Amino acid sequence: MEHLERDVVVIGAGPSGLSAAYELNKAGKSVAVLEARDRVGGRTWTDVMDGATIEIGGQWISPDQTGLYSLINELGIETFERYKEGKSVYLTEEGEAIAYEGADFPVAESTVAEMDKLVKLMNELAADMDPDKPWEHPQAEELDKISFHHFLRQHCTDELACNNVGLFIAGGMLTKPAHTFSALQAVLMASSAGSFDNLVDEDFILDRRIVGSMQGVSKAMAERLGEDIVFLNNPVLKLEWSEDAVVAHGSSITVSAKKVVLAVPPNLYSRISYVPALPRKQQITHQHQSMGLVIKVHAVYETPFWRNEGLSGTCFGPNSLVQELYDNTYIGEETGTLVGFISDLNADAMWELDEEQRRAAILKAMAAYLGEKALEPKVFYLSDFAAEEWTRGAYATSYDLGGLHRFGPAQNENVGPIYFSSSDLAGEGFQHVDGAVRMGRRSAARIIAALDGTTYDQSYDGVATLTAGKDKVNA
Ligand SMILES: Cc1cc2nc3c(=O)[nH]c(=O)nc-3n(C[C@H](O)[C@H](O)[C@H](O)COP(=O)(O)OP(=O)(O)OC[C@H]3O[C@@H](n4cnc5c(N)ncnc54)[C@H](O)[C@@H]3O)c2cc1C
C-alpha cells in the first residue's frame with residue numbers, strides 16, 4: 001500500500017473533482033485525486049462502439065454555462081453547434097407524427113394557451129429563486145409539499161398541456177416521474193438554467209457540443225495534473241477524519257491530507273465508511289438524494305436520412321417510449337446519428353425485456369417519428385449508467401418530495417475538513433457539467449481560504465478561474 005501526504009485529497013475524478021484539483025494545484029496546494037474507475041470523467045464518457053464514437057454520458061453545453069465555457073477556454077477546447085436545421089416532429093397521443101416549425105407544439109390553440117400559462121407561471125416562480133438557495137424561495141415550503149404532477153394540475157385542467165410541460169422537467173431533466181419530486185425541485189431546475197423558457201428551448205439548452213468529446217474536458221485536466229496526482233482504480237471506501245485532518249483509504253493508496261473534496265455523486269456518499277460517523281444531519285440528508293433513471297439511445301445510420309426530408313431530427317412525444325430525439329451527428333461525419341431518451345417508468349419497462357425485444361421496441365418508437373428508415377441503424381447502443389457501480393442512475397440526483405427545503409440547507413456545509421462537491425449540489429448548472437465545474441472551483445476556493453487563513457468570498461460563482469494566467473505550478 002502506497003502512502004501519500006498532501007494538502008488536499010480529492011475523491012472522484014469527474015469534472016467536479018478534477019476542477020477542484022486543477023484549481024488547487026494551480027494555487028500551489030499539493031493534491032492527490034483518487035478515482036474508483038479505470039478512467040476519468042465520471043458521468044461524461046466517450047467510447048467507440050462497433051466503429052462509431054458514442055457520447056455515452058453528458059455532452060451538450062448551453063450559452064449560460066459560463067463556468068464550463070471559462071474552463072474549456074482555458075484548456076483550449078472548442079465547441080460546435082448541434083444540427084438544428086429543418087422542421088421538428090411532434091407525435092400526438094394517437095401516434096400521428098406532425099412536422100412543425102417554431103417553438104409551439106402543433107396542438108390545439110387552447111392547449112398552446114394553457115401551456116403558455118404554465119410556462120409563464122414557472123418563469124415567475126424561477127425569477128424569485130436564488131438557485132444557490134432554493135429553500136429561501138418565498139413559497140419554498142408550500143412548493144416543496146406538492147408533487148410537480150399535482151402542481152401542474154392545480155393550475156391547469158388541460159391534461160395534454162400538463163403532460164407537455166411536465167415532459168421538460170420530469171422525463172427531460174430530473175428523469176423521475178413527476179409525482180415523485182416537488183414543484184420546488186422543478187422550479188430549481190428552471191432557475192438553474194436562468195428561466196423555464198431557457199429550459200424548454202432545446203436550441204438553447206442543447207446548443208453546442210465539445211470538439212473531441214465532453215469527457216475530453218476531464219481528460220485534459222487530468223493530463224495537466226499528471227499521473228503523480230490522479231490515481232485510477234482506487235475506490236475510497238473508508239475516510240478517517242478529525243477537525244483538521246483526513247486519511248482517505250483507496251485500494252492501493254492511502255492519502256493523509258488537511259482537507260478532502262468529496263466529489264462523488266450524493267447517492268454514493270453512504271458507500272464510504274466514515275470514521276467517526278458523519279453528523280446526524282448529513283447522515284439523514286444523504287438518504288434523501290436519489291438518482292433519476294434514463295436510457296440514452298444511440299442509433300447510427302449510413303446517412304442522416306431525415307435531413308433530406310427537411311427534418312432537423314428533433315422530435316418530441318410526451319406519450320412515446322422515446323420522449324425526445326435529436327440529431328447527434330458529429331461534425332464532418334457522413335453517417336447520421338440519432339440520440340433518444342427513455343426516462344423513468346419507460347426505462348424500467350425496457351430493462352425488463354430481453355435485448356432483442358428492447359431493441360425492437362425502441363426502434364419502433366423512433367420510426368413512429370421519422371419513418372421506417374429509422375428501423376435499421378448500423379450501430380445501436382444504449383447508455384446504461386444505472387448498471388454502473390460508481391454512478392447508479394442518470395442523469396443526476398435530486399431530492400425526494402419535500403426534501404429540498406428540509407435537507408437542502410445542509411448539502412453544501414463542510415463537515416470539518418470534508419467539502420462536498422457535485423453537479424447535483426450546484427445552483428447554476430444544477431445536474432450539468434457546468435454545475436460540476438462551478439462546484440469544484442468553489443470547493444477549491446473555500447479550501448484555499450481555509451488553508452491560507454483568508455476569507456472566502458461567498459458571492460464567488462465558480463465562473464472565473466481562481467488563478468487566471470497561471471499554469472501548472474507543481475510541475
Ligand atoms: C447519460 C447522461 C447524459 C447527460 N447529459 C448531459 C449533458 O448533455 N450536458 C451536461 O452538462 N450534463 C449532462 N449530464 C450530467 C453530467 O454528466 C453530470 O452532471 C456531471 O458529469 C457530474 O460531474 P461530477 O464530477 O459532479 O460527478 P461524476 O461525473 O459522477 O463524477 C464522480 C466521480 O466519482 C467517482 N467515484 C464514485 N464513488 C467513488 C469512490 N468511493 N471513490 C473514488 N471515486 C469514486 C466516479 O467513478 C466518478 O468518476 C448527463 C449525465 C448522464 C449520465
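Each Cβ is built from the backbone N, Cα and C atoms, and glycine gets one as well.
TrEMBL does not curate its annotations; it predicts them automatically.
TrEMBL lists Ser16, Glu35, Ala36 as binding FAD, and of Val236, Val246, Val247 the one it places in that same site is Val236. Just so you know, the Cβ of Phe341 (substrate binding site) picks up 21 other Cβ atoms within 10 Å once every protein chain is counted. For the FAD site, whose binding residues are given in the record as Ser16, Glu35, Ala36, Val236, the maximum C-alpha distance rounds to 16 Å. Note on Ser16 (FAD binding site): other Cβ atoms within 10 Å of its Cβ, all shown chains, come to 34. Looking only at other Cβ atoms within 10 Å, the busiest spot among the binding-site residues Ala36, Val236 turns out to be Val236. The two recorded residues Glu35 (FAD binding site) and Phe341 (substrate binding site) have their Cα atoms spaced 28 Å from each other. When Cβ atoms from all protein chains are considered, those within 10 Å of Glu35 (FAD binding site) total 29, not counting its own. The DSSP secondary structure for Ser16 (FAD binding site) is helix. Neighbouring residues of the recorded FAD site, listed in sequence order and excluding Ser16, Glu35, Ala36, Val236, comprise Val10, Ile11, Gly12, Ala13, Gly14, Gly17, Val33, Leu34, Arg37, Gly42, Asn234, Pro235, Ala263, Val264, Trp390 (Cβ within 8 Å of the Cβ centroid).
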